[in-house]
Amino acid sequence: MASLSLAPVNIFKAGADEERAETARLSSFIGAIAIGDLVKSTLGPKGMDKILLSSGRDASLMVTNDGATILKNIGVDNPAAKVLVDMSRVQDDEVGDGTTSVTVLAAELLREAESLIAKKIHPQTIIAGWREATKAARQALLNSAVDHGSDEVKFRQDLMNIAGTTLSSKLLTHHKDHFTKLAVEAVLRLKGSGNLEAIHVIKKLGGSLADSYLDEGFLLDKKIGVNQPKRIENAKILIANTGMDTDKIKIFGSRVRVDSTAKVAEIEHAEKEKMKEKVERILKHGINCFINRQLIYNYPEQLFGAAGVMAIEHADFVGVERLALVTGGEIASTFDHPELVKLGSCKLIEEVMIGEDKLIHFSGVALGEACTIVLRGATQQILDEAERSLHDALCVLAQTVKDSRTVYGGGCSEMLMAHAVTQLASRTPGKEAVAMESYAKALRMLPTIIADNAGYDSADLVAQLRAAHSEGKTTAGLDMKEGTIGDMSVLGITESFQVKRQVLLSAAEAAEVILRVDNIIKAAPRKRVPDHHPC
(Lines of atoms letter the chains of each structure in order from A; the text may use other names.)
(Lines give C-alpha, C1' and ligand atoms only; values in the text may rest on other atoms or scores of the structure.)
Protein backbone atom coordinates (compact mmCIF):
# COMPACT_ATOMS: atom_id res chain seq x y z
CA MET A 1 0.00 0.00 0.00
CA ALA A 2 1.47 3.36 -1.02
CA SER A 3 2.20 5.72 1.87
CA LEU A 4 0.28 8.96 1.86
CA SER A 5 2.28 12.19 1.83
CA LEU A 6 0.36 14.72 3.89
CA ALA A 7 0.94 18.42 3.23
CA PRO A 8 1.26 20.63 6.34
CA VAL A 9 -2.17 21.70 7.57
CA ASN A 10 -2.71 25.27 8.70
CA ILE A 11 -4.96 25.18 11.79
CA PHE A 12 -4.96 28.94 12.44
CA LYS A 13 -7.25 31.64 11.11
CA ALA A 14 -6.11 33.67 8.13
CA GLY A 15 -3.82 36.44 9.31
CA ALA A 16 -2.47 34.54 12.34
CA ASP A 17 1.29 34.24 12.59
CA GLU A 18 3.40 31.43 14.07
CA GLU A 19 7.10 31.18 14.86
CA ARG A 20 8.48 27.75 15.72
CA ALA A 21 11.47 26.13 17.40
CA GLU A 22 14.75 27.96 16.73
CA THR A 23 13.04 30.92 15.06
CA ALA A 24 10.82 31.49 18.12
CA ARG A 25 13.72 31.06 20.53
CA LEU A 26 15.96 33.42 18.55
CA SER A 27 13.17 36.02 18.39
CA SER A 28 12.75 35.83 22.19
CA PHE A 29 16.49 36.12 22.83
CA ILE A 30 16.90 39.09 20.50
CA GLY A 31 13.96 40.97 22.07
CA ALA A 32 15.09 40.39 25.67
CA ILE A 33 18.76 41.20 24.96
CA ALA A 34 17.74 44.40 23.14
CA ILE A 35 15.80 45.55 26.24
CA GLY A 36 18.84 44.83 28.43
CA ASP A 37 21.13 46.76 26.05
CA LEU A 38 18.69 49.68 26.09
CA VAL A 39 18.84 50.24 29.87
CA LYS A 40 22.31 48.97 30.79
CA SER A 41 23.98 52.34 30.10
CA THR A 42 21.92 53.79 33.01
CA LEU A 43 23.35 51.31 35.55
CA GLY A 44 25.64 52.39 38.37
CA PRO A 45 26.72 55.70 39.93
CA LYS A 46 28.07 57.02 36.60
CA GLY A 47 25.12 55.80 34.49
CA MET A 48 23.71 58.00 31.72
CA ASP A 49 20.19 59.43 31.36
CA LYS A 50 17.59 58.92 28.62
CA ILE A 51 15.28 61.51 27.08
CA LEU A 52 11.78 60.15 26.41
CA LEU A 53 9.61 62.15 24.04
CA SER A 54 5.94 61.26 23.71
CA SER A 55 4.11 62.27 20.55
CA GLY A 56 0.49 63.22 20.09
CA ARG A 57 -1.64 66.03 21.43
CA ASP A 58 -0.22 65.90 24.98
CA ALA A 59 3.43 65.59 23.91
CA SER A 60 5.70 65.53 26.95
CA LEU A 61 9.42 65.34 27.61
CA MET A 62 10.96 63.15 30.31
CA VAL A 63 14.61 62.95 31.38
CA THR A 64 15.31 59.86 33.51
CA ASN A 65 17.70 57.02 34.25
CA ASP A 66 15.13 54.97 36.19
CA GLY A 67 14.84 51.56 34.48
CA ALA A 68 11.16 51.03 35.34
CA THR A 69 10.20 54.50 34.05
CA ILE A 70 12.10 54.00 30.78
CA LEU A 71 10.57 50.57 30.11
CA LYS A 72 7.08 51.67 31.15
CA ASN A 73 7.09 54.55 28.67
CA ILE A 74 8.43 52.76 25.59
CA GLY A 75 6.14 50.65 23.46
CA VAL A 76 7.49 47.13 22.88
CA ASP A 77 6.07 44.57 20.46
CA ASN A 78 8.35 41.60 21.16
CA PRO A 79 6.74 39.11 23.62
CA ALA A 80 9.99 38.37 25.49
CA ALA A 81 10.70 42.09 25.80
CA LYS A 82 7.23 42.52 27.34
CA VAL A 83 8.09 39.86 29.94
CA LEU A 84 11.14 41.89 31.02
CA VAL A 85 9.13 45.14 31.06
CA ASP A 86 6.51 43.52 33.33
CA MET A 87 9.26 42.07 35.53
CA SER A 88 10.84 45.51 36.03
CA ARG A 89 7.41 46.94 36.91
CA VAL A 90 6.92 44.23 39.56
CA GLN A 91 10.40 44.95 40.94
CA ASP A 92 9.47 48.64 41.21
CA ASP A 93 6.17 47.84 42.96
CA GLU A 94 7.68 45.26 45.33
CA VAL A 95 10.89 46.91 46.52
CA GLY A 96 11.16 50.22 44.63
CA ASP A 97 14.74 49.85 43.38
CA GLY A 98 16.89 47.46 41.34
CA THR A 99 14.72 47.79 38.23
CA THR A 100 17.69 48.29 35.90
CA SER A 101 19.77 45.56 37.59
CA VAL A 102 17.02 42.96 37.30
CA THR A 103 16.46 43.72 33.59
CA VAL A 104 20.18 43.66 32.77
CA LEU A 105 20.76 40.40 34.71
CA ALA A 106 17.87 38.64 32.95
CA ALA A 107 19.14 39.85 29.55
CA GLU A 108 22.70 38.68 30.32
CA LEU A 109 21.43 35.24 31.39
CA LEU A 110 19.61 34.93 28.06
CA ARG A 111 22.72 36.11 26.18
CA GLU A 112 24.63 33.25 27.84
CA ALA A 113 21.78 30.82 27.09
CA GLU A 114 21.92 31.77 23.40
CA SER A 115 25.58 30.71 23.16
CA LEU A 116 24.89 27.47 25.11
CA ILE A 117 22.04 26.50 22.79
CA ALA A 118 24.35 27.16 19.83
CA LYS A 119 26.60 24.48 21.40
CA LYS A 120 23.64 22.03 21.31
CA ILE A 121 22.96 22.09 25.07
CA HIS A 122 19.25 21.49 25.69
CA PRO A 123 17.20 24.30 27.34
CA GLN A 124 16.04 21.94 30.11
CA THR A 125 19.68 21.15 30.99
CA ILE A 126 20.42 24.89 31.16
CA ILE A 127 17.38 25.48 33.38
CA ALA A 128 18.39 22.64 35.73
CA GLY A 129 21.88 24.14 36.08
CA TRP A 130 20.48 27.63 36.61
CA ARG A 131 18.16 26.44 39.38
CA GLU A 132 21.04 24.92 41.33
CA ALA A 133 23.09 28.07 40.68
CA THR A 134 20.24 30.27 41.99
CA LYS A 135 20.09 28.24 45.22
CA ALA A 136 23.87 28.59 45.71
CA ALA A 137 23.79 32.33 44.92
CA ARG A 138 20.86 32.95 47.28
CA GLN A 139 22.62 31.08 50.09
CA ALA A 140 25.84 33.04 49.52
CA LEU A 141 23.85 36.30 49.63
CA LEU A 142 22.10 35.19 52.83
CA ASN A 143 25.42 34.28 54.48
CA SER A 144 26.89 37.69 53.61
CA ALA A 145 23.92 39.66 55.00
CA VAL A 146 24.55 41.84 58.07
CA ASP A 147 21.77 42.71 60.56
CA HIS A 148 22.11 45.79 62.79
CA GLY A 149 18.39 45.99 63.62
CA SER A 150 19.03 45.72 67.36
CA ASP A 151 21.61 48.54 67.43
CA GLU A 152 19.83 51.87 66.86
CA VAL A 153 22.97 53.89 66.02
CA LYS A 154 24.39 51.32 63.56
CA PHE A 155 20.94 50.75 62.00
CA ARG A 156 20.50 54.48 61.35
CA GLN A 157 23.95 54.51 59.72
CA ASP A 158 22.89 51.52 57.59
CA LEU A 159 19.81 53.45 56.47
CA MET A 160 21.96 56.49 55.60
CA ASN A 161 24.34 54.27 53.60
CA ILE A 162 21.49 52.49 51.77
CA ALA A 163 19.78 55.78 50.84
CA GLY A 164 23.14 57.19 49.71
CA THR A 165 23.84 54.13 47.54
CA THR A 166 20.36 54.30 45.97
CA LEU A 167 20.65 58.03 45.24
CA SER A 168 24.23 57.70 43.89
CA SER A 169 22.92 56.56 40.51
CA LYS A 170 20.18 59.21 40.36
CA LEU A 171 19.85 62.87 39.47
CA LEU A 172 20.13 63.72 43.19
CA THR A 173 23.70 62.36 43.46
CA HIS A 174 25.18 65.90 43.71
CA HIS A 175 22.91 66.62 46.70
CA LYS A 176 23.12 63.06 48.01
CA ASP A 177 23.87 63.92 51.65
CA HIS A 178 20.97 66.39 51.87
CA PHE A 179 18.37 64.04 50.35
CA THR A 180 19.71 61.02 52.23
CA LYS A 181 19.02 62.86 55.48
CA LEU A 182 15.53 63.90 54.31
CA ALA A 183 14.59 60.36 53.25
CA VAL A 184 15.90 58.68 56.43
CA GLU A 185 14.19 61.21 58.72
CA ALA A 186 10.89 60.79 56.84
CA VAL A 187 11.01 56.97 57.02
CA LEU A 188 12.05 56.91 60.69
CA ARG A 189 8.99 59.08 61.47
CA LEU A 190 6.84 56.15 60.29
CA LYS A 191 7.96 54.25 63.42
CA GLY A 192 8.31 50.96 61.54
CA SER A 193 4.84 51.02 59.93
CA GLY A 194 6.29 51.32 56.40
CA ASN A 195 3.17 53.26 55.33
CA LEU A 196 4.60 55.55 52.63
CA GLU A 197 1.14 57.12 52.14
CA ALA A 198 1.92 59.17 55.27
CA ILE A 199 4.84 60.82 53.40
CA HIS A 200 3.52 63.47 51.03
CA VAL A 201 5.79 64.84 48.28
CA ILE A 202 5.04 68.28 46.82
CA LYS A 203 6.89 69.68 43.79
CA LYS A 204 7.30 73.46 43.50
CA LEU A 205 9.15 75.18 40.67
CA GLY A 206 11.84 77.64 41.67
CA GLY A 207 15.03 77.61 43.69
CA SER A 208 17.40 74.65 43.48
CA LEU A 209 17.29 71.03 44.60
CA ALA A 210 19.32 72.02 47.69
CA ASP A 211 16.35 74.18 48.83
CA SER A 212 14.15 71.08 49.26
CA TYR A 213 13.13 70.37 52.85
CA LEU A 214 11.12 68.10 55.16
CA ASP A 215 8.06 69.62 56.83
CA GLU A 216 6.29 68.18 59.87
CA GLY A 217 2.60 67.65 59.18
CA PHE A 218 0.72 67.84 55.88
CA LEU A 219 0.67 70.41 53.07
CA LEU A 220 -2.35 70.74 50.78
CA ASP A 221 -1.73 72.55 47.50
CA LYS A 222 -4.91 74.68 47.67
CA LYS A 223 -6.02 78.15 48.76
CA ILE A 224 -8.44 79.09 51.55
CA GLY A 225 -11.74 80.65 50.37
CA VAL A 226 -12.52 84.39 50.34
CA ASN A 227 -13.51 86.03 53.66
CA GLN A 228 -12.64 82.87 55.58
CA PRO A 229 -10.43 82.47 58.66
CA LYS A 230 -6.78 82.02 57.60
CA ARG A 231 -5.72 80.27 60.80
CA ILE A 232 -7.55 77.74 62.97
CA GLU A 233 -6.34 76.07 66.16
CA ASN A 234 -7.63 72.70 67.43
CA ALA A 235 -9.34 72.08 64.11
CA LYS A 236 -12.22 69.65 63.66
CA ILE A 237 -12.24 68.75 59.98
CA LEU A 238 -15.05 67.35 57.85
CA ILE A 239 -13.67 65.89 54.61
CA ALA A 240 -16.34 65.48 51.93
CA ASN A 241 -16.94 64.56 48.32
CA THR A 242 -20.23 66.28 47.56
CA GLY A 243 -21.68 68.74 45.06
CA MET A 244 -22.02 72.20 46.61
CA ASP A 245 -24.19 73.56 43.83
CA THR A 246 -27.98 73.24 43.68
CA ASP A 247 -29.22 69.91 42.38
CA LYS A 248 -29.95 70.25 38.69
CA ILE A 249 -33.01 68.70 37.07
CA LYS A 250 -31.68 65.33 35.94
CA ILE A 251 -34.25 64.65 33.18
CA PHE A 252 -32.62 64.74 29.76
CA GLY A 253 -33.83 67.62 27.57
CA SER A 254 -36.08 69.12 30.28
CA ARG A 255 -36.81 72.85 30.31
CA VAL A 256 -38.51 75.27 32.70
CA ARG A 257 -40.65 78.07 31.27
CA VAL A 258 -41.66 81.11 33.29
CA ASP A 259 -43.92 84.00 32.35
CA SER A 260 -42.31 86.67 34.53
CA THR A 261 -38.99 87.66 36.11
CA ALA A 262 -40.62 87.24 39.53
CA LYS A 263 -40.88 83.50 38.88
CA VAL A 264 -37.14 83.40 38.08
CA ALA A 265 -36.46 85.11 41.41
CA GLU A 266 -38.64 82.51 43.16
CA ILE A 267 -36.64 79.67 41.58
CA GLU A 268 -33.35 81.29 42.64
CA HIS A 269 -34.71 81.78 46.17
CA ALA A 270 -35.77 78.12 46.36
CA GLU A 271 -32.31 77.03 45.18
CA LYS A 272 -30.62 79.21 47.82
CA GLU A 273 -32.87 77.85 50.56
CA LYS A 274 -32.00 74.32 49.52
CA MET A 275 -28.26 75.10 49.63
CA LYS A 276 -28.66 76.90 52.98
CA GLU A 277 -30.31 73.80 54.40
CA LYS A 278 -27.41 71.62 53.16
CA VAL A 279 -24.80 73.96 54.70
CA GLU A 280 -26.73 73.91 58.01
CA ARG A 281 -26.66 70.10 57.99
CA ILE A 282 -22.87 70.24 57.47
CA LEU A 283 -22.42 72.78 60.30
CA LYS A 284 -24.35 70.51 62.70
CA HIS A 285 -21.26 68.27 62.75
CA GLY A 286 -19.60 70.83 65.03
CA ILE A 287 -16.70 71.54 62.65
CA ASN A 288 -14.52 74.57 62.04
CA CYS A 289 -12.96 73.34 58.76
CA PHE A 290 -14.74 71.90 55.70
CA ILE A 291 -12.69 70.37 52.87
CA ASN A 292 -14.49 69.31 49.70
CA ARG A 293 -13.29 67.23 46.77
CA GLN A 294 -15.62 69.22 44.48
CA LEU A 295 -16.20 72.93 43.94
CA ILE A 296 -17.81 75.16 46.58
CA TYR A 297 -19.76 77.95 44.87
CA ASN A 298 -20.05 81.58 46.02
CA TYR A 299 -23.24 81.34 48.09
CA PRO A 300 -22.26 78.33 50.26
CA GLU A 301 -18.78 79.85 50.62
CA GLN A 302 -20.40 83.01 52.04
CA LEU A 303 -22.44 80.89 54.47
CA PHE A 304 -19.34 79.05 55.70
CA GLY A 305 -17.47 82.37 56.09
CA ALA A 306 -20.35 83.86 58.12
CA ALA A 307 -20.26 80.80 60.42
CA GLY A 308 -16.48 81.20 60.93
CA VAL A 309 -15.74 77.90 59.18
CA MET A 310 -12.72 77.54 56.89
CA ALA A 311 -13.88 76.08 53.55
CA ILE A 312 -11.40 74.54 51.10
CA GLU A 313 -12.66 73.46 47.68
CA HIS A 314 -11.56 71.27 44.79
CA ALA A 315 -8.88 69.35 46.69
CA ASP A 316 -7.39 66.70 44.38
CA PHE A 317 -8.50 63.11 45.02
CA VAL A 318 -5.08 61.78 46.12
CA GLY A 319 -4.67 64.78 48.43
CA VAL A 320 -8.09 64.20 50.02
CA GLU A 321 -7.42 60.47 50.50
CA ARG A 322 -4.06 61.17 52.14
CA LEU A 323 -5.51 64.02 54.25
CA ALA A 324 -8.23 61.69 55.56
CA LEU A 325 -5.50 59.18 56.49
CA VAL A 326 -3.24 61.63 58.33
CA THR A 327 -6.01 63.54 60.17
CA GLY A 328 -7.84 60.37 61.18
CA GLY A 329 -11.07 61.31 59.40
CA GLU A 330 -13.27 59.70 56.76
CA ILE A 331 -14.57 61.06 53.45
CA ALA A 332 -18.32 61.74 53.74
CA SER A 333 -20.87 62.32 50.99
CA THR A 334 -24.11 62.53 53.05
CA PHE A 335 -24.70 64.60 56.18
CA ASP A 336 -27.98 63.37 57.69
CA HIS A 337 -26.35 61.46 60.58
CA PRO A 338 -23.55 63.55 62.16
CA GLU A 339 -22.99 60.95 64.89
CA LEU A 340 -21.86 58.38 62.28
CA VAL A 341 -19.31 60.64 60.55
CA LYS A 342 -15.69 60.35 61.68
CA LEU A 343 -14.11 63.82 61.77
CA GLY A 344 -10.43 64.57 61.25
CA SER A 345 -8.44 66.66 63.68
CA CYS A 346 -5.19 68.61 63.95
CA LYS A 347 -3.70 71.24 66.25
CA LEU A 348 -3.26 74.02 63.69
CA ILE A 349 -4.32 74.91 60.13
CA GLU A 350 -2.71 77.95 58.52
CA GLU A 351 -1.82 79.38 55.12
CA VAL A 352 1.90 79.34 54.25
CA MET A 353 3.94 80.63 51.31
CA ILE A 354 6.35 78.42 49.35
CA GLY A 355 8.07 80.42 46.64
CA GLU A 356 5.24 82.43 45.11
CA ASP A 357 2.49 79.93 45.91
CA LYS A 358 0.11 79.75 48.86
CA LEU A 359 -0.48 76.34 50.46
CA ILE A 360 -2.45 75.13 53.47
CA HIS A 361 -0.40 73.64 56.29
CA PHE A 362 -1.86 71.09 58.74
CA SER A 363 0.35 70.59 61.80
CA GLY A 364 -0.12 68.36 64.84
CA VAL A 365 -2.14 65.83 62.80
CA ALA A 366 -3.66 62.70 64.36
CA LEU A 367 -1.23 60.43 62.49
CA GLY A 368 1.94 61.64 64.21
CA GLU A 369 4.30 60.12 61.64
CA ALA A 370 2.85 62.13 58.72
CA CYS A 371 5.21 64.56 57.02
CA THR A 372 5.67 66.39 53.72
CA ILE A 373 8.79 66.63 51.58
CA VAL A 374 8.82 69.83 49.51
CA LEU A 375 10.95 69.50 46.37
CA ARG A 376 12.30 72.63 44.68
CA GLY A 377 13.92 72.72 41.25
CA ALA A 378 14.56 74.82 38.16
CA THR A 379 12.47 72.84 35.65
CA GLN A 380 9.52 70.45 35.74
CA GLN A 381 11.70 67.65 34.32
CA ILE A 382 14.18 68.03 37.20
CA LEU A 383 11.34 67.96 39.74
CA ASP A 384 9.76 64.86 38.18
CA GLU A 385 13.07 62.96 38.13
CA ALA A 386 13.85 64.09 41.69
CA GLU A 387 10.47 62.73 42.81
CA ARG A 388 11.14 59.37 41.11
CA SER A 389 14.61 59.17 42.68
CA LEU A 390 13.27 60.03 46.13
CA HIS A 391 10.45 57.50 45.74
CA ASP A 392 13.03 54.75 45.05
CA ALA A 393 15.02 55.72 48.15
CA LEU A 394 11.90 55.86 50.36
CA CYS A 395 10.70 52.44 49.12
CA VAL A 396 14.07 50.80 49.79
CA LEU A 397 14.30 52.38 53.25
CA ALA A 398 10.76 51.26 54.12
CA GLN A 399 11.72 47.70 53.08
CA THR A 400 14.89 47.87 55.18
CA VAL A 401 12.95 49.03 58.25
CA LYS A 402 10.79 45.88 57.92
CA ASP A 403 13.78 43.59 57.16
CA SER A 404 16.94 45.18 58.58
CA ARG A 405 19.41 42.86 56.81
CA THR A 406 21.88 44.59 54.50
CA VAL A 407 24.50 43.49 51.95
CA TYR A 408 27.41 45.33 50.32
CA GLY A 409 27.02 47.08 46.95
CA GLY A 410 29.50 48.15 44.28
CA GLY A 411 29.41 44.74 42.58
CA CYS A 412 30.52 43.04 45.83
CA SER A 413 27.36 40.92 46.27
CA GLU A 414 27.30 39.90 42.59
CA MET A 415 30.93 38.80 42.69
CA LEU A 416 30.31 36.94 45.97
CA MET A 417 27.39 35.06 44.39
CA ALA A 418 29.36 34.39 41.17
CA HIS A 419 32.24 32.97 43.25
CA ALA A 420 29.85 30.61 45.10
CA VAL A 421 28.26 29.45 41.81
CA THR A 422 31.69 28.87 40.20
CA GLN A 423 32.74 26.71 43.15
CA LEU A 424 29.52 24.69 42.82
CA ALA A 425 30.11 24.26 39.07
CA SER A 426 33.61 22.87 39.71
CA ARG A 427 32.07 20.12 41.89
CA THR A 428 29.19 19.33 39.50
CA PRO A 429 29.56 16.67 36.76
CA GLY A 430 27.91 16.88 33.34
CA LYS A 431 26.57 19.68 31.16
CA GLU A 432 24.78 21.37 34.06
CA ALA A 433 28.19 22.64 35.21
CA VAL A 434 28.47 24.59 31.94
CA ALA A 435 25.08 26.22 32.63
CA MET A 436 26.25 27.14 36.14
CA GLU A 437 29.40 28.75 34.71
CA SER A 438 27.23 30.80 32.35
CA TYR A 439 25.11 31.91 35.36
CA ALA A 440 28.25 33.07 37.18
CA LYS A 441 29.42 34.92 34.06
CA ALA A 442 26.05 36.74 33.83
CA LEU A 443 26.38 37.81 37.49
CA ARG A 444 29.90 39.14 36.82
CA MET A 445 28.52 41.24 33.96
CA LEU A 446 26.83 43.63 36.44
CA PRO A 447 30.12 44.96 37.93
CA THR A 448 31.56 44.91 34.38
CA ILE A 449 28.78 47.20 33.12
CA ILE A 450 29.09 49.49 36.18
CA ALA A 451 32.82 49.93 35.44
CA ASP A 452 32.20 50.44 31.69
CA ASN A 453 29.60 53.14 32.37
CA ALA A 454 32.11 55.00 34.54
CA GLY A 455 34.68 54.97 31.72
CA TYR A 456 37.16 52.64 33.46
CA ASP A 457 38.89 49.49 32.20
CA SER A 458 36.25 46.94 33.20
CA ALA A 459 38.33 43.88 32.25
CA ASP A 460 41.15 44.90 34.61
CA LEU A 461 38.86 45.99 37.48
CA VAL A 462 36.65 42.88 37.36
CA ALA A 463 39.73 40.62 37.17
CA GLN A 464 41.12 42.35 40.29
CA LEU A 465 37.73 42.05 42.03
CA ARG A 466 37.48 38.36 41.16
CA ALA A 467 40.99 37.74 42.51
CA ALA A 468 40.17 39.63 45.74
CA HIS A 469 37.10 37.45 46.37
CA SER A 470 39.11 34.30 45.60
CA GLU A 471 41.53 35.40 48.34
CA GLY A 472 38.64 35.66 50.82
CA LYS A 473 38.19 39.47 50.74
CA THR A 474 34.40 39.22 50.84
CA THR A 475 33.80 42.97 51.28
CA ALA A 476 35.78 44.00 48.17
CA GLY A 477 33.86 45.97 45.54
CA LEU A 478 34.20 48.69 42.91
CA ASP A 479 35.09 52.20 44.10
CA MET A 480 33.81 54.31 41.20
CA LYS A 481 35.13 57.57 42.66
CA GLU A 482 38.75 56.44 42.39
CA GLY A 483 38.35 53.76 39.71
CA THR A 484 39.88 51.08 41.94
CA ILE A 485 38.90 48.11 44.11
CA GLY A 486 37.82 49.25 47.58
CA ASP A 487 36.45 47.89 50.86
CA MET A 488 32.68 48.42 50.77
CA SER A 489 32.38 48.22 54.58
CA VAL A 490 34.78 51.16 54.91
CA LEU A 491 33.24 53.17 52.03
CA GLY A 492 29.71 52.58 53.39
CA ILE A 493 28.34 51.30 50.06
CA THR A 494 25.42 49.25 51.38
CA GLU A 495 22.26 47.88 49.79
CA SER A 496 19.08 46.27 51.09
CA PHE A 497 19.17 42.47 51.28
CA GLN A 498 15.53 42.32 50.11
CA VAL A 499 16.31 44.33 46.94
CA LYS A 500 19.30 42.13 45.99
CA ARG A 501 17.35 38.94 46.73
CA GLN A 502 14.41 40.10 44.61
CA VAL A 503 16.76 41.04 41.72
CA LEU A 504 18.34 37.57 41.77
CA LEU A 505 15.09 35.58 41.95
CA SER A 506 13.08 37.72 39.49
CA ALA A 507 15.82 37.75 36.84
CA ALA A 508 16.34 33.96 37.09
CA GLU A 509 12.60 33.25 36.85
CA ALA A 510 12.05 35.62 33.91
CA ALA A 511 15.05 34.20 32.00
CA GLU A 512 13.77 30.66 32.65
CA VAL A 513 10.28 31.54 31.37
CA ILE A 514 11.72 32.96 28.13
CA LEU A 515 14.16 30.06 27.70
CA ARG A 516 11.29 27.55 27.83
CA VAL A 517 9.57 29.12 24.81
CA ASP A 518 9.63 27.10 21.58
CA ASN A 519 6.58 28.55 19.86
CA ILE A 520 5.17 32.08 19.44
CA ILE A 521 1.62 32.31 18.09
CA LYS A 522 0.20 35.72 17.23
CA ALA A 523 -3.58 35.83 16.89
CA ALA A 524 -5.14 37.11 13.69
CA PRO A 525 -6.15 40.77 13.92
CA ARG A 526 -9.85 41.24 14.57
CA LYS A 527 -11.65 42.43 11.45
CA ARG A 528 -14.11 45.28 11.58
CA VAL A 529 -17.59 44.22 10.53
CA PRO A 530 -19.22 46.87 8.32
CA ASP A 531 -22.41 48.30 9.82
CA HIS A 532 -25.16 48.15 7.18
CA HIS A 533 -27.93 49.28 9.52
CA PRO A 534 -29.57 52.58 8.55
CA CYS A 535 -29.05 55.50 10.94
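Note that Cβ sites are derived from N, Cα and C of the backbone, with glycine treated the same way.
Of the residues Gly286, Gly377, Gly410, Swiss-Prot places Gly410 in the same ADP site as Gly44, Gly98, Thr99, Thr100, Ser101, Ser168, Ser169, Glu495, Lys500. In this structure the C-alpha atoms belonging to Lys181 (N6-acetyllysine) and Lys500 (ATP binding site) are separated by 23 Å.
The Cβ of Thr261 (phosphothreonine) has 8 other Cβ atoms within 10 Å, all protein chains considered.
For Ser169 (ADP binding site), the recorded positions whose C-alpha atoms fall inside a 10 Å radius of its own C-alpha are Gly44, out of Gly44, Ser60, Ser260, Thr261, Glu495, Lys500.
Among the recorded positions Ser60, Ser101, Lys154, Thr261, the ones whose Cα sits within 10 Å of the Cα of Lys500 (ATP binding site) are Ser101, in sequence order. There are 26 other CB atoms within 10 A of the CB of Gly44 (ATP binding site), with all protein chains counted. Rounded to a whole number, the C-alpha distance linking Ser60 (phosphoserine) with Thr99 (ATP binding site) is 23 angstrom. The shortest Cα-Cα distance from Thr99 (ATP binding site) to any of the modified residues (Lys154, Ser260, Thr261) is found for Lys154.
Note: the CA-CA distance between Ser101 (ADP binding site) and Thr261 (phosphothreonine) rounds to 72 Å.
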